[in-house]
Amino acid sequence: MLSTKSNIKYQIFVYLLIFAYFLIINLCQPLMMDDLWRSNVNALHDGTVWFHIRSDYFYWTGRVSAQLPVYILFNKSYPSLIYVVDMLNALALTVLVIYLYKLIFRDQVSILSRKFIIYACLFMGYFIDNTFLGNAMWKTIGIQYLWGISLVVWGVYFLFLENKHSRILSIILGVFIGLYNEAFFMVIFTICFYYIIHQIVKKDKLNKNTLYFIIPFIIAGIVMMVAPGNFARTSGMLAGQSLLGYIFHNLFDITMKFFSKFELSLPFILSVFMVFAFEKDIKTKVLTVLCLVSVSLTTFLIMFGLEIRVEMLYMLIYFYIICKYLFHSGFSYLFDKLYLFFAITLLFIAVKFFYAYLQLGYYNHLRMVDVRHYQQMHEKNILLPSFHLMRHTGIVYFELMEYSDDPEYVRNQGWNNEQFAQYYGFDSVFTK
């Protein structure tokens, strides 16, 4: 048996290993798409951060807390800030891996146990396959979705599982998450609603942080939901229909879209099955299933598209429920017997994913050498070699468009190229 002091040292080593793994991967992820566009805005350098936050609130998204770090950290005049994004993204992923594990096992099983290897195998396998992790490495998506998810997971652990009474932290977390985005507000509100109902039905006390979190959370969420920018974008998508009218007329299509997205529908079905199969308390069983169904129904109200980045929060909830019951069922004993299989599988998955990003980082390094060469030569219209990446690796990368002499095609499909050229000071950039 390891001493407590040795345990702490080994735990810190595991934390640092996870952080280093994700940090290297983040460093290999090039700027692309929205990363470049946000950097070209140059808000911090130009002193227009507040202007753009206000513009987003009144004319585009209505979001505040998800946008603020983007405008601060993406600036082409301060390229070194991208390394801050990479470090914070790696920290967010480390927090997610560690504290989700602590929530699943209610802080009763050490991170040094075999169960962590089994959990890590399931985590990496599921979240690489559905490109959750690949999207999380995309720097803008990391800030606007991953950071919020990790903050929620840590907050639930600290404020609810450990039951640390902190009014200030509860209020700050409530305001930040409430202003984050519509999907977060609807999902977290639904979970809070069913949590309160559960405690009332079971005649248990509410966690002492609940009201300090939920009241500012709801107020902040309302501020975001009624934002003129939110209405402007939603109205454009509804094309003159009411929201209820849109849902009614498109109910079948929306339902089929949800169930055709197997990265969502299969974990949803499995999570409901796990609750029915392994939850012994009938009241908890009914309310948990109702909560899962209600959370899934919020996807019908998301007007900005059910893309993977939006699905990330839903994926995490389904994964948590599945693992929570799986590891507390008879399967846990079977998993322990198959520990070596899970360890080898984890090693294979993690190394393959890591190698794919090293390859991407290597190609991007060569591209940056070419970019600096063309900058020194004062070239304005350049051709760069294409990346030839492995397929089916779970990474998310949008390559620059190949050269075309069709101006209409370039105008419609060349936004990434346009932002890349502007960021590095060229008139046009294509691949060959």
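Keep in mind that glycine also has a Cβ here, set from the backbone N, Cα and C atoms.
Annotations in TrEMBL come from automatic prediction, not curation.
Record features (TrEMBL):
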type	residues	note
TRANSMEM	12-32	transmembrane segment
TRANSMEM	81-104	transmembrane segment
TRANSMEM	116-138	transmembrane segment
TRANSMEM	144-161	transmembrane segment
TRANSMEM	168-197	transmembrane segment
TRANSMEM	209-227	transmembrane segment
TRANSMEM	258-278	transmembrane segment
TRANSMEM	284-306	transmembrane segment
TRANSMEM	313-333	transmembrane segment
TRANSMEM	339-358	transmembrane segment
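In summary, the transmembrane segment (81-104) lies against the transmembrane segment (144-161): three or more C-beta pairs, each 6 or more positions apart in sequence, are under 8 Å.
Contact between the transmembrane segment (116-138) and the transmembrane segment (313-333) is supported by 3 or more Cβ pairs under 8 Å, counting only residues 6 or more apart in sequence. Residues 63, 65-67, 69-70, 88-89, 92-93, 95-96, 99-100, 102-103, 106-107, 135-136, 169-170, 173, 176-177, 180-181, 184, 188, 207, 209, 213, 309-310, 312-313, 316 of the same chain sit 6 or more residues outside the transmembrane segment (144-161) yet have a Cβ under 8 Å from a Cβ within it. The largest share of C-beta pairs under 8 angstroms with the transmembrane segment (258-278) comes from 313-333, of the ranges 12-32, 168-197, 209-227, 284-306, 313-333.
The transmembrane segment (284-306) shares more Cβ pairs under 8 Å with 168-197 than with any other stretch in the list 12-32, 168-197, 209-227. Residues 61-66, 144-145, 148, 151-152, 155, 158-159, 206, 209-210, 212-221, 223-225, 230, 287-288, 290-291, 294-295, 298, 301-304, 310, 313-314, 317 of the same chain lie 6 or more positions beyond the ends of the transmembrane segment (168-197) yet place their CB under 8 Å from a CB of it.
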